[in-house]
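Listed features, source Swiss-Prot:
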type	residues	note
ACT_SITE	Cys137	active site
ACT_SITE	His270	active site
ACT_SITE	Asn290	active site
DISULFID	Cys134-Cys175	disulfide bond
DISULFID	Cys168-Cys208	disulfide bond
DISULFID	Cys263-Cys311	disulfide bond
CARBOHYD	Asn159	N-linked glycosylation site
SIGNAL	1-16	signal peptide
Amino acid sequence: MNKIMLCLLVCGVVHAATYDLLKAPNYFEDFLHKFNKNYSSESEKLHRFKIFQHNLEEIINKNQNDSTAQYEINKFSDLSKEEAISKYTGLSLPHQTQNFCEVVILDRPPDRGPLEFDWRQFNKVTSVKNQGVCGACWAFATLGSLESQFAIKYNRLINLSEQQFIDCDRVNAGCDGGLLHTAFESAMEMGGVQMESDYPYETANGQCRINPNRFVVGVRSCRRYIVMFEEKLKDLLRAVGPIPVAIDASDIVNYRRGIMRQCANHGLNHAVLLVGYAVENNIPYWILKNTWGTDWGEDGYFRVQQNINACGIRNELVSSAEIY
């Protein structure tokens, strides 16, 4: 990219990220129209405006303090951070675990691999999905990994059924939350996974309607990795395919674009899919696929700086599975 194009891009980002807190009422009216928001009463509307105003102030502060990322008013801007996390994430501890997954310690220094790698460039990542108001990020991230495993093995992209996991996983809690490795274990216990078209997503818990005759993917085994060096995730990503990871989503809610260099690490509450890594302006970063639709972030993806444990990406063991 030449200097003129780079300048235009950067200038465009800065301009798009400029907000004036005094114009909050105008932004709020635009927000209501753009996202078709309706409230039950004037008091509820006032309550939502106050939250919106608080979020706008945070967006302005982030845009001033994080020069490599941009934050914006989006569909979540009338929700408190706590509301957004409770409605649109879903990583939580189940009451029991199966312990089928082998635990592997990755304590050797990272290999000298390529500076950049992205599974999307090999057409091994399915399209971005939208979990909606259902705490099933754990199912989406897990199945996103299995979808990529299938594409790597059979050179074909398929969409697997999150609803099957929501309804039929006896360890995790459907839209009320779950964990990544227990989802792999449940896939082994269920015997396979159906297509999304056979068992469509409903954004709610339902009765299990599993049909073993319609299974298209089975999980033979799973592993949990203790990663001693964050850089080691690169080797693992290249070796096993896209990896579901647990993060703290508190600071990504109003993300628009760019490389996040400041991301909270206070508690893991969301699951996303690590699909690649690269370097931009000497900043190494991870590429992560979210499940909040393509109208969020960079067409549904976001980027965070490497080697600072951004969003707590290294706090939890990462998991992978072998399919058949």
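Glycine is no exception: its Cβ is also placed from the backbone N, Cα and C atoms.
Small disclaimer: the values here were computed from a predicted structure and weren't measured.
Note on proximity: among Cys134, Cys137, Asn159, Cys208, Cys263, the recorded positions of the record, the Cα nearest His270 (active site) is that of Cys137. The shortest Cα-Cα distance between Cys311 (disulfide bond) and any of the recorded positions Cys134, Cys137, Asn159, Cys168, Cys208 is the one to Cys137. When the Cα of Cys263 (disulfide bond) is compared against those of the recorded positions Cys134, Cys137, Asn159, Cys208, the shortest separation belongs to Cys137. Relative to Cys137 (active site), the recorded positions with Cα atoms inside 10 Å are Asn290, the candidates having been Asn159, Cys168, Cys208, Asn290. According to its DSSP assignment, Cys208 (disulfide bond) is coil. Listed in sequence order, Thr126, Ser127, Lys129, Glu147, Met195, Glu196, Ser197 are the same-chain residues at least 6 apart in sequence whose CB falls under 8 Å from the CB of Asn159 (N-linked glycosylation site). Long-range neighbours of Asn290 (active site) (same chain, six or more residues apart, CB within less than 8 Å of its CB): Val128, Ile252, Val272, Trp296, Gly297, Gly300, Tyr301, Phe302. Cys175 (disulfide bond) sits 14 Å from Cys208 (disulfide bond), taking the CA atoms of both as reference points.
Within 10 Å of the C-beta of His270 (active site) we count 26 further C-beta atoms, all protein chains included.
The CA atom of Cys168 (disulfide bond) is located 15 Å away from the CA atom of Cys134 (disulfide bond).
Candidate recorded positions: Cys134, Cys137. Fewest other C-beta atoms within 10 angstroms, Cys134. In this structure, His270 (active site) is part of a beta strand by DSSP. The highest number of surrounding Cβ atoms within 10 Å, among the disulfide-bonded residues Cys168, Cys175, Cys208, Cys263, is found at Cys263.
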